[in-house]
């Protein structure tokens, strides 16, 4: 059975993916700032602009994700995970010491450094997980991206609800969990997650799709379970404890897939070892993938030689180096449209604490959870749906980004109007659209610019998180809020009323409309790429059917 769980076996491959899901379920720490931002603001007597710049420092950590991108092609996956988890322990551990008042508040620049470390920690974990899993399951990139990015979005609600259920929403305990839990989970993933050859037959691809469907279903159950807990109000200690136990069981349930595969493999090996049982002669398990991989490598070598001889720039859809990607218009269209979506979405996430207080809500944890849970639905649905329409009709994946941008603009306008319940509805819309934006952009980048340098290209796109946070949250929201706020006795400031963020929402809706136009343009420009992908999938399916007959 131990051999059956080797990373190179089907059971080991899926056990690696399950541990990857767990890592993603605890690596969304960048989206939890609202849960403890008010404690930092009070302890350090900060203005809103100063607080927003702390959140920018957290997001600037993403900029150093370029280091993780560069390392992803040179350093094994386990090392990337260890670096990320240890860095998170230091970054969030220091913040825990301050908020729990075990040490005196650090200076502003020191806090910026530790927030930056905490923010950067997730880039190592996310890069290790995404690059490895998309390479392992390259024929199901949409579902892989949707599931993994979905759990990142859900991680905020998982942390928030578990902390609330067991520790009564204490900010210091929350930070302690952010520091310690990722280290524990990554230590598990280090044992099982490796890069291995992808599926090579139509049957293996069908099995992958079926197992992804199971994991999708479990994820939806987890999201609905969290949502029900959030909307049912205050709970007793007993109910909260039961909720926490069931949630942990649900998160562990995908283990059923590798266990099932390991048992199947064990039964087959027992049958083969029994001399009384008629044996069927088969080829060794890894012969075909290894042969195909060698053939692919030879084809790639020939293609690279021809390309060098012709001295041509690769066309969209082929492997691009970073400099080659930079010289394409399509890369910059994708980059700027991504900025319009994630920059504005991060502004809502970073400022939700103050947005809720401005509209008279004392407890904003429900809005943080709504952003997280519906962000999950946006990620997991868009990954699967976009993949389905590529296989069925060759629909360009950026078209789904365009739809999310225009819907997000509607959400911001609704929040600007500040009608009753608008913050609830706006949180749901922004969460869904932000999730779509992240889940769709990840496979889009690999389809347009290839997998060879994907780790670095992905992290360059992720630069939009600190850049968007600085432009929309640090400057736009911080300056406009402070212009409306009144100074408090401790030296900070506060603003109450719908006017506090109205202009911020209007400007962000305009940015989303610009992003919509760019995504439509990218869809038109990349139509031929997705037509080729569609034709390739259709041809492979037809070949498999004819071989079956």
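Glycine too: its Cβ is placed from the backbone N, Cα and C atoms.
TrEMBL labels come from automatic prediction, so no person has curated them.
Note that the coordinates shown come from a computational prediction; the quantities given were computed from them, not determined experimentally.
Given the ranges 173-193, 278-298, 299-319, the record in TrEMBL names 173-193 as transmembrane segment.
Long-range neighbours of the transmembrane segment (238-263) within the same chain, counting only residues 6 or more positions beyond its ends whose Cβ lies under 8 Å from a Cβ of the stretch, are 1, 4-5, 9-12, 14-15, 18, 21-22, 25, 158, 161-162, 164-166, 211, 214-215, 218, 221-222, 225-226, 229. The transmembrane segment (331-349) shares more Cβ pairs under 8 Å with 501-522 than with any other stretch in the list 108-134, 214-232, 399-418, 501-522. With Cβ pairs under 8 Å as the measure, the transmembrane segment (173-193) is packed most heavily against 108-134, out of 108-134, 214-232, 399-418, 424-444, 456-481.
Sequence-distant contacts of the transmembrane segment (456-481) (same chain, at least 6 residues past either end, Cβ-Cβ under 8 Å): 30, 48-49, 51-53, 55-56, 58-63, 65-66, 68-70, 72-73, 119, 123, 127, 130-131, 320, 322, 325, 334-335, 338-339, 342-344, 346-347, 350-351, 354, 441-442, 445, 449, 495, 500-501, 503-504, 507-508, 511. The highest tally of CB pairs under 8 A with the transmembrane segment (214-232), across 108-134, 355-378, 399-418, 424-444, 501-522, is held by 355-378. As a whole-number mean, the pLDDT of the domain 'Nodulin-like' (13-259) in this prediction is 87. Through the fold, the transmembrane segment (501-522) approaches residues 330, 333-334, 336-341, 343-344, 347, 351, 355, 358, 396, 398-399, 401-402, 405-406, 408-410, 412-413, 415-416, 418, 472, 476-477, 480-481 of its own chain, all at least 6 residues removed from its boundaries and within a Cβ separation under 8 Å. Note on the transmembrane segment (108-134): residues 16-17, 20, 23-24, 27-30, 40, 44, 50, 53-55, 57-62, 64-65, 68-69, 71-72, 77, 80-81, 83-85, 87-88, 90-92, 94-95, 98, 141, 144-145, 148, 152, 178, 182, 186, 189, 193-195, 442-443, 446, 451, 454-455, 458-459, 462, 466 of its chain, located 6 or more positions outside it, place their CB under 8 angstroms from a CB of the stretch.
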